[in-house]
Amino acid sequence: MSPDRKLITIFGGTGKQGGSVAHSLLQNPDFRVRVITRNAQSDASRKLAALGADIAQGDGFSGDEMLSAFSGSWGAFVNINSDDKIFTTEGGPTEFDMGKIIVDSAVQAGVKHLVFSSGPPCTEMTNGRVRMKAMDMKNKIEQYARSLGSFETFTPIGAGWFLENFLGKEVAPVFGGFPYFPDDQGYLTFRVPYWGGDEHVPWLSISDDFGDIVQGIFLDPGRWNGHFVHGVSDIRSFEQVVADFAAVTGNKARFQPILPTWEAFDTHGIQELEDVKLMFGFTQLTGGRYFGPEDTEVDTARQLKQITGLKLGRPEGQHKLTSARDWFAARFAN
């Protein structure tokens, strides 16, 4: 163990993204991990503490609490929960307001390397036709952090479509029933609009890969400085992903596109599904580009996963990203 272990502090460490980052970093004896949470007594906080993480209680709107939490940190990973109810309050604070406080506090605390979970400038990329508030806010925070020039390195990362979303039985009927409930013809049918462009959907195993991708950045932060990293495990069309599922389970499954465009997607009046609908609008209007103006790519994530696997001394087979086929095989194959 290195005598000068580097402290990496995670804002949002009890969530899916931050939790994955924490679990990966805690496997590396060269790093200390601190997790900022509003509830230090939550089950998620207790589990991370049991694994060796320091738990710091703090509210993202409190500059003093953030400064204290980031104190002594070499690096930081920040993911803000866009679904926090406080951001939907009429006339209330925005995600950018919180993000600015967090970034400013990290600068004041002397954080050298910041990895920030960001998003694309949706309104700009669609000429105002699609406005995804969460993505626009994250991008605004990213641009603010870049403009400061106060970090030795700053690396934004975008998270793809979580494969783990398929584990939620309660939402499966909204998407045709796949992968749990057969339709009246006996098929497990996945019904969503087309993605757009070449149908290169960016799938991500948040639990298997995301944390390792982020750790790979911290292992050589200068190499990735300023680069927008695509958080991707596999690039597959909806039709291919359903075929992967069918191949490993033996179940009848199919993809049925919702036509003619994204606007035909029925949200059933559920706000979270309104965001999903807008996502399809965004990707259809941008030719399938989810992370920004550039095409979706997996090579960077593949390199970062391998770097982490080598550093942690994992068997060679664990240096690879998780394919959609392997993800389904591990969770749905009999």
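Think of each number as a place in line: the chain as shown, counted from 1.
Cβ atoms are placed via backbone N, Cα and C, with glycine included.
Taken from Swiss-Prot, the feature NADP(+) binding site applies to 12-17, 38-42, 59-60, 80-82, Lys138, 162-165.
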Identify which of the binding-site residues Gly12, Gly15, Gly60 has its Cβ surrounded by the largest number of other Cβ atoms within 10 Å, counting every protein chain shown.
Gly60
Does anything in the same chain, at least 6 positions from Ser82 (NADP(+) binding site), have a Cβ under 8 Å from its Cβ, and if so what?
Glu95, Lys133, Ala134, Met137, Lys138
Neighbourhood of Arg38 (NADP(+) binding site) by C-beta distance under 8 A, where only residues 6 or more apart in the same chain count:
Gln57, Gly58, Asp59
Just how many other Cβ atoms lie inside 10 Å of the Cβ on Leu163 (NADP(+) binding site)?
23
Which of the three DSSP states, helix, strand or coil, fits Leu163 (NADP(+) binding site)?
helix
What is the number of other Cβ atoms found within 10 Å of the Cβ of Gln41 (NADP(+) binding site)?
9
Translate the DSSP assignment of Gly15 (NADP(+) binding site) into the three-state scheme.
coil
